[in-house]
């Protein structure tokens, strides 16, 4: 998959670009890599260091964020080095990251499917053991599949390599992505009808509709993530289809350049979507911002949140007790 792509990137890209433009491109790649690394590290840190965010769903989000982080901290440097010293490492890594992202998205989709269609069995099915298995498969299987070309020395012209690319594209990309799109469309449609039907219950004090609304919003967030993945990885998928079918005349260095930018852009968009649209992340982020940047009351004094007020009241009470009862 990525193995022939790495060679084609160099052959299409090296001649038409002058040194000044190439240096500017490298700077832009490095900046994008730093932005992606910072955002994904932030998401990982939120899940790891905030107990309320350590849910089964967010463990899968953490796994997805790590795959995005690898794009920033490993793939971007390797891609830059590859333009100075031609290697096949970038190709293997592209294949690994692509498959890892697809498998992690499949894991998240499965979790959302169980949450929305089997709510009463959710805790029994989506438990620590099963989530560990899902995450393990999402990393081990892509690693094995991406390294398979080593068996035939990664000969891009061989029939077996083309058959390998076609099989991977069909079974690990097209079929899973098509299935996930259909699942999310079905889930959003079913849950939306359920929310509308239960609005009256919510008004009467039953929070069933409210919970379903939260599940719908969570499914919507992951549907957006899937859509961004499809859009951002489409150029690279198209490139590999051209390579499989020997239609190299349909490729250009501009397209290959765009495919790299969209790949890195995808790793930037995912954490932004989680921070802005996923409710638990958004609420935790707002809470952290309020603690660091409290507003002011009518007298111009900094506002205190409830936790700070309770701590201050407790401290005053303790001091009073110490003075009154030495």
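Cβ atoms here come from the backbone N, Cα and C positions, even for glycine.
Lifted from TrEMBL, the feature list:
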DOMAIN    39-274  domain 'G-protein coupled receptors family 1 profile'
TRANSMEM  26-49  transmembrane segment
TRANSMEM  61-81  transmembrane segment
TRANSMEM  87-110  transmembrane segment
TRANSMEM  131-152  transmembrane segment
TRANSMEM  164-191  transmembrane segment
TRANSMEM  218-238  transmembrane segment
TRANSMEM  258-277  transmembrane segment
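The average pLDDT computed for the domain 'G-protein coupled receptors family 1 profile' (39-274) is 85. Comparing 61-81, 87-110, 131-152, 258-277 for CB pairs under 8 angstroms to the transmembrane segment (26-49), the maximum falls on 61-81. For the transmembrane segment (131-152), same-chain residues at least 6 beyond its ends with a Cβ under 8 Å from one of its own Cβ atoms are 1-3, 56, 59-60, 63, 92-93, 95-96, 99-100, 102-104, 106-107, 110-111, 158, 160-161, 164, 168, 172.
Non-local neighbours of the transmembrane segment (164-191) in the same chain are 1, 4, 95, 98-99, 102-103, 105-106, 109, 112-113, 116-117, 145, 148-149, 212, 215-216, 219-220, 222-223, 226, 229-230, 237, 240-241, 243-244; each lies 6+ residues outside the stretch with a CB under 8 Å from one of its CB atoms. Proximity of distant same-chain residues to the transmembrane segment (61-81), defined by a Cβ-Cβ separation under 8 Å and at least 6 residues beyond the stretch ends, is recorded for 26, 29-30, 32-37, 40-41, 43-44, 47-48, 87, 89-90, 93-94, 97, 100-101, 104-105, 107-108, 135, 138-139, 225, 260, 263-264, 266-267, 270-271, 274, 278.
Counting residues 6+ beyond its ends, the transmembrane segment (87-110) has Cβ neighbours under 8 Å at 1-7, 9, 57, 60-61, 63-64, 67-68, 70-71, 74-75, 78-79, 81, 134-135, 137-139, 141-143, 145-147, 149, 154, 168, 172-173, 176-177, 180, 183-184, 222, 225-226, 229, 233, 236, 263, 266 in the same chain.
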